[in-house]
Amino acid sequence: MATKPTESITILSLRKLSLGTAEPQVKEPKTFTVEDAVETIGFGRFHIALFLIMGSTGVVEAMEIMLIAVVSPVIRCEWQLENWQVALVTTMVFFGYMVFSILFGLLADRYGRWKILLISFLWGAYFSLLTSFAPSYVWFVFLRTMVGCGVSGHSQGLIIKTEFLPTKYRGYMLPLSQVFWLAGSLLIIGLASVVIPTVGWRWLIRIASIPGIILIMAFKFIPESARFNVSTGNTQAAVATLEHIAKMNRSVMPEGKLVEPVLEKRGRFADLLDAKYLRTTLQIWVIWLGISFAYYGVILASAELLERDLVCGSKADSEVVVTGGNSGESQSPCYCHMFAPSDYRTMIISTIGEIALNPLNILGINFLGRRLSLSITMGCTALFFLLLNICTSSAGLIGFLFMLRALVAANFNTVYIYTAEVYPTTMRALGMGISGSLCRIGAMVAPFISQVLMSASILGALCLFSSVCVVCAISAFTLPIETKGRALQQIK
């Protein structure tokens, strides 16, 4: 049977073809934030210059604040002042600080940290020089109040440092700034021991104004905060600043375009009391007030204990005899006891204490965290205030004052860092300003406890200082936000 020839069949597999042309995928351009840039550039030569220049603002502030402690015995004698009048000088300095701290914080969040820092230094140097020509006690108080107004803006230097430092370096570099405050305190005490006995307190004030004037000229080497610039929409200036930092550090910028939201609402008091920050803000205010009360209480109590020998029940009962004009000799209610060289040495030793706990403070901040570290040092401060009441030798008194100065300095270190870190850029300067302002209430009250109440009851004054420190320790321990290892927030 013949076979039928088979035909080859070709099977075509058809695919559904798209008539449209495939759209090429567009790559999104790379972007970065200021935080990314700061972390990428890293730590380098720019930050060392920043640390030295902005840190030196602490030298000037310490000299202006500590000046009152070393000048008080002299003006007490020259103008025959009573206790409350001497205390009023310090109180009015901090009153000016309190009022302008809020104002400068508000203006810094709106117009820039650098501008406010410069204005505050010019203001402070001008009125400090004028103080040296004060013809009377009233003029002296007024002019020192104006100095306090200017000094309140110096905290913008800390904010600029905070906003430029990479996260992992903030916990180390910011506490080291205490070295500058120590240097200023030692410098003014050393100058006082030489200048006051020779050419008088007026020349001491003039000489103390020189570092601030020199520092003003160094500000041109530090730019405005890049974080502030981007918050106002000035991205070009922020990029230029970051490129300059990268060049100085011999580093590189992140790839892409700097992108940050423009923040129209900046420096608003209501933001501090927003639900997210309300509890933190209120507890920070309590802590600032208490720390300042304790810090300036220690400084003024040290001077008072030395000036009037109020230790171990050896309160001086005798009043000085003051010669006044043609009236001959008359009893004065004013104590007129000038510092001896040994008193200046004691002040220097106790002041050096401010740096003694710095290594432990740095370790505590970075390993235990800001909250726990602060609560521990505040608790120890309360204890040493009570120990100060123990009747002891001169060496024992110096030892207690040494430890107290170390502890109160550690407290200030930690609360400064925490406050600068916890608030976002939009209200960081205002948060620091209001906290600094409220803490001056403590500083305003401290002179009346250290210079008035202590005259009547040493135990009563020390128990009051100790009680306030205990409240602050509890408040620090219960703070709701820990900022250790946390990036700075740009918006709330």
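Just so it is clear, glycine is given a Cβ too, placed from its N, Cα and C backbone atoms.
As recorded in TrEMBL:
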| type | residues | note |
| --- | --- | --- |
| DOMAIN | 50-484 | domain 'Major facilitator superfamily (MFS) profile' |
| TRANSMEM | 48-72 | transmembrane segment |
| TRANSMEM | 84-104 | transmembrane segment |
| TRANSMEM | 116-142 | transmembrane segment |
| TRANSMEM | 179-196 | transmembrane segment |
| TRANSMEM | 282-306 | transmembrane segment |
| TRANSMEM | 456-479 | transmembrane segment |
Worksheet entry | Reported mean pLDDT - the domain 'Major facilitator superfamily (MFS) profile' (50-484) | 82
Worksheet item: With the transmembrane segment (282-306) as the reference, which stretch in 48-72, 116-142, 456-479 has the largest tally of C-beta pairs below 8 Å?
Response: 456-479
Fill in: Residues from the same chain, set at least six apart from the ends of the transmembrane segment (179-196), whose C-beta lies under 8 A from its own
55-63, 66-67, 70-71, 74, 203-204, 207-208, 211, 339, 341, 344, 347-348, 351-352, 354-355, 358, 409
Practice prompt. State the non-local partners of the transmembrane segment (48-72) in its own chain: residues 6+ outside its ends, Cβ under 8 Å from one of its Cβ atoms.
Written response: 86, 89-90, 93, 117, 121, 124, 128, 144, 147, 151, 154, 157-158, 160-161, 164-165, 173, 176-185, 187-189, 192, 196, 201, 204-205, 208, 211-212, 215, 218-219, 221-222, 248, 296, 299-300, 302-303, 307, 339, 347
